[in-house]
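Reading through the structure tokens given below for one structure.
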Amino acid sequence: MHILVTNDDGIHHPGLAALRDGLARDHRVQVVAPDRERSAIAHAITLLTPLRAFSQTNGNGIPSWAVNGTPADCVKLGVLELLGEKPDLVVSGINPGPNVGVNLNYSGTVSAAREAALLGIPAIAVSVSNPYGTHFSDAARFMQDLVADVAERGLPKGVFLNVNLPDVPMEEIAGVRICRQGIARLEEAFHVRKDPRNQPYYWQGSETQLFGESPDEDGVALRENCIAVTPVQCDMTDYGFLNQLKEWKVEKP
């Protein structure tokens, strides 16, 4: 199978290297990834400046390009221009730090997989729970098996998989849980400081993760030491509310 590997942490990140090398054992792999860290950039694409792709070399001879754009740019440019042919699958990761709950909306890792799904290509985003991830090889081993399942069974149109693994040795993981996107999110916080001119500036972020309680949520599964596998759809329409909204009879003024 022909696989495009990408991420949002940059082409030299060890998580990408573990994923690339693991998948290359059984598949034809090419890499198109950002030339630098582009985390939490969501589904941004570059329209006002040109994109540039620089061919990279690595010890295993896998064709690779570093792009001065976003993760979504990398998928779009790779599929439409760089690879020469449409890949069978796009895999984004391995991201250090979880992408569960509300944080799917901010994630460049997840958005790269979403871009592939929008282009009609099956895709998987994969992350480990630790922002300073150390068990990328275990995650890559799991992905080899999951990729084989996707190759055999396929994915519905407009749907991709979001995978989160505990950052522990594989033998310590409790199991695999198929689950829904939950409500987990980082606790909202800004750290206010002063610059040398006594003007305030703000660092956004917190490492406190707020989880739900339902065992079928992705964040709860991860907290309970399970691998969380979630099907995510690109169509964001709320069909349950659609007909109710039509009853509002909204009209132009």
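Even glycines carry a Cβ here, placed using N, Cα and C.
What Swiss-Prot records for ASP8, ASP9, SER39, ASN95 is divalent metal cation binding site, and it gives sequence analysis as the kind of evidence.
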Within 10 Å of its Cβ, which one of these binding-site residues (SER39, ASN95) has the largest number of other Cβ atoms?
ASN95
For divalent metal cation, what surrounds ASP8, ASP9, SER39, ASN95 with a Cβ no more than 8 Å from their Cβ centroid?
ASN7, GLY10, HIS13, GLY15, GLU37, ARG38, ALA40, PRO71, PRO96, GLY97, SER107, GLY108, THR109
Hey, does DSSP put ASN95 (divalent metal cation binding site) in a helix, a strand, or just coil?
strand
